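Presented below is the structure to which this report refers.
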Ligand code: S3P
């Protein structure tokens, strides 16, 4: 339990670098484990989700050495994974589970995977259905929809799969299974989703091509080990970028953050809301752009966020909803039904939390409607719903009230941002 005390100075100021990107850290371990030879990963995110990925591959016999944020992975190629001696514990991590299922589908061993209470409720049929179509034998509760799940993989045939939901996890799972299939696997994505898998496959010298919205790769290619530097996670940076944008007098810079255009929806939305924000792309690490973002606090206005924008900011919607409470006018978030299926039902969690803080907000089937300019928020005791992004939203909301805010079960924040409270303290000058 943590209490955020009242601050004398309520603007936030300073320069930080946030920890490594969660999506990229998962993929770095996975692809390095499937490659031939040693890959060195720098700035790996040591959040619990990525440690679940690391542990799962160690359990499958991959040699992994970690020293802080530096990880060395020695893979033995596509056929190098061993049958694990234990069921694989994937903790809270949906990304690990869905991407790993794609890999296990192609591996001729038997595996059993399970996770924590939240993961055990999350739908897996979005990946088990196409993976079964490719030939994997998958069992689990609700006909392979819910963990624990057991997989017997091997001898996959390629498919051409049009994503029924806009999910990078599903796209990646099918593409990873496609690495093991005889022939060309195709994924068609009607709306672009984060493309770290495709970019990183290229870094491992896999020939993966995109024509319009269709991504293709031929199976049985050799992944060549490579070194990877993970950029800062824009989804973590978003909490402080949003805090600065809505607090007058604030000025912050987040350095060395990933600027992949499939992830920068929050930057575009803050700009459209009127934030004073500048982005400089400084370099590329592999195929991923990286740079600095500076934001000054000011007046914001509400807007509608929907359609193709949603996958580019899906994880940022809780903190964007908080920003909307401080903007002038109404903000409408639509087409974000997927939020109900994250670590918790994030529409319900945001609506309940912000309502208790005094914001006029209502949930819809696929989004939220937030009335802006509600005045100072109410303090009180809030919980994170065991969801890291809800916990961080509550911490940032404490900057918008003179009353004290207490957050229970804050430990889950270490899922994606283990040093969140240090950065919070350095930018706000407060001690929590
Ligand atoms: C992720 C994709 C997104 C995102 C998740 C990480 C990934 O999920 O919400 O936190 O690394 O591919 P969906 O692709 O299911 O929307």
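Glycine too: its Cβ is placed from the backbone N, Cα and C atoms.
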Can you tell which of 65, 137, 202, 342 TrEMBL lists as binding 3-phosphoshikimate with 22, 23, 27, 167, 169, 315? 342
Roughly how many Å lie between the Cα atoms of residue 346 (phosphoenolpyruvate binding site) and residue 167 (3-phosphoshikimate binding site), rounded to a whole value? 16
How many neighbouring Cβ atoms, not counting its own, are there within 10 Å of the Cβ of residue 169 (3-phosphoshikimate binding site)? 23
Between residue 342 (3-phosphoshikimate binding site) and residue 389 (phosphoenolpyruvate binding site), the C-alpha gap once rounded to whole angstrom: 10
Can you list which of the recorded positions 23, 27, 167, 169, 315, 346 have their Cβ under 6 Å from some atom of ligand 1? 23, 167, 169, 315
Intrachain C-beta neighbours of residue 389 (phosphoenolpyruvate binding site), sequence separation six or more, cut-off 8 angstroms: 235, 315, 318, 319, 342, 343, 346, 416
Have a look at the binding-site residues 22, 23, 27, 169 and say which one has the shortest Cα distance to residue 122 (phosphoenolpyruvate binding site). 169
For residue 167 (3-phosphoshikimate binding site), the number of other Cβ atoms found within 10 Å of its own Cβ: 22
